[in-house]
Amino acid sequence: MIAILGTGKMGEALLSGLVRAGLRPHEITATARRPERADALRERYGVRVTDNAEAAKSAQTLILAVKPQDMASLLAEIAPHVSADSLVISVAAGITTGFVEARLGGDVPVVRVMSNTPVLVDEAMSVISAGEHASEVHLRRAEDLLSPVGKVLRIPESQQDAATALSGSGPAYFFYLVEAMVDAGILLGMPRAAALDMVTQSIVGAAIMLRDSGEHPVILREAVTSPGGTTIAAIAELERHKVRAAFLDAIEAARDRSRQLASG
Ligand SMILES: NC(=O)C1=CN([C@@H]2O[C@H](COP(=O)(O)OP(=O)(O)OC[C@H]3O[C@@H](n4cnc5c(N)ncnc54)[C@H](OP(=O)(O)O)[C@@H]3O)[C@@H](O)[C@H]2O)C=CC1
Ligand SMILES: O=C(O)[C@@H]1CCC=N1
């Protein structure tokens with residue numbers, strides 16, 4: 001039995017992925033804070049929705065998907081019901097395995113995960129790190145749960161905050177870029193729907209080339225950039241506005257914020 005505790009956006013994305021991967025609804029328990037949310041989850045997935053204590057008692061694998069700010073109170077609630085036979089997987093930004101272990105007590109195996117919303121289309125990037133009591137078996141169990149919904153990479157926990165900034169938050173940067181490019185299309189007089197179509201297909205095509213060609217992004221960009229052409233005119237403006245420097249600063253800020261989250 002797997003339980004997802006705090007089934008909001010990320011918890012539901014993982015829940016839907018588990019269902020697509022073939023888990024039966026009776027093998028999954030979810031928890032929610034609001035009754036209307038609990039009803040919606042029961043109706044959408046046919047899963048059992050209980051309180052946190054009940055979920056922690058009945059499941060061997062617990063996926064903690066509350067916000068970092070709600071993690072301490074959730075851990076206090078479930079600590080009496082979790083043992084060294086359980087596996088606790090936390091997907092919360094900034095929350096270290098040490099934070100979870102200290103509040104659960106005992107030798108509870110904890111795996112820290114940072115995934116992202118493309119879980120919804122089975123294209124997530126999930127990075128995982130073992131806590132002090134988590135063994136190869138526990139890491140494998142986390143990989144088995146996450147690999148049907150995308151790519152999984154093991155990283156040292158010291159890199160988790162950086163990964164959160166890069167791939168956890170990453171999809172938001174691409175949506176932001178799409179918004180800005182569509183606005184540019186509008187500025188140039190394109191209908192909004194056509195502009196969105198053009199930008200979306202360009203980003204999908206570029207992403208697939210990047211993933212499947214094995215080429216470095218610089219090579220792929222240079223292939224688009226004709227001497228004296230249109231692309232270099234645009235890139236000169238991006239450089240003038242220091243967009244690369246803005247990305248370096250932005251992702252560093254996200255990493256710093258992730259580091260702060262465990263302290264509330
Ligand atoms: N969104 C994303 O792209 C990503 C998020 N994450 C991480 O996932 C976690 C969840 O984020 P997200 O899904 O965006 O946030 P949400 O607010 O959508 O989800 C959290 C859910 O937990 C519920 N909740 C809070 N406390 C309790 C409790 N004690 N018992 C049961 N349910 C509870 C909330 O209820 P209520 O609705 O009443 O507030 C909410 O539905 C965060 O820790 C975040 O860092 C990780 C990677 C990507
Ligand atoms: O913005 C956040 O804090 C969460 C973590 C990674 C993506 N969303």
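Sequential numbering from 1, following the chain as shown.
A Cβ is built for glycine as well, from the same backbone N, Cα and C atoms used for every other residue.
Heads up, TrEMBL stuff is auto-annotated, nobody curated it.
Copied over from TrEMBL, here are the features:
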type	residues	note
BINDING	Leu5, Gly6, Thr7, Gly8, Lys9, Met10, Ala65, Val66, Lys67, Pro68	NADP(+) binding site
BINDING	Asn52	NADPH binding site
DOMAIN	2-94	domain 'Pyrroline-5-carboxylate reductase catalytic N-terminal'
DOMAIN	157-261	domain 'Pyrroline-5-carboxylate reductase dimerisation'
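Positions of the features from TrEMBL, shown on the structure.
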| residue | record | Cβ contacts under 8 Å, 6 or more apart |
| --- | --- | --- |
| Leu5 | NADP(+) binding site | Gly11, Thr31, Asn52, Ala55, Ala56, Leu62, Ile63, Leu64, Ala65, Val66, Leu74, Ile78 |
| Thr7 | NADP(+) binding site | Leu15, Ala30, Thr31, Ala32, Arg37, Leu41, Val49, Ala65 |
| Lys9 | NADP(+) binding site | Thr117 |
| Lys67 | NADP(+) binding site | Gly6, Gly8, Ala92 |
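The DSSP secondary structure for the residue listed as 'NADPH binding site' is helix. Taking DSSP states H, G and I as helix and E and B as strand, the domain 'Pyrroline-5-carboxylate reductase dimerisation' (157-261) has 90 helix, 0 strand, 15 coil. Just so you know, the Cβ of Asn52 (NADPH binding site) picks up 23 other Cβ atoms within 10 Å once every protein chain is counted.
Under the three-state DSSP scheme, Leu5 (NADP(+) binding site) falls in the strand class. Cβ neighbours within 10 Å of Ala65 (NADP(+) binding site), excluding its own Cβ and spanning all shown chains: 28.
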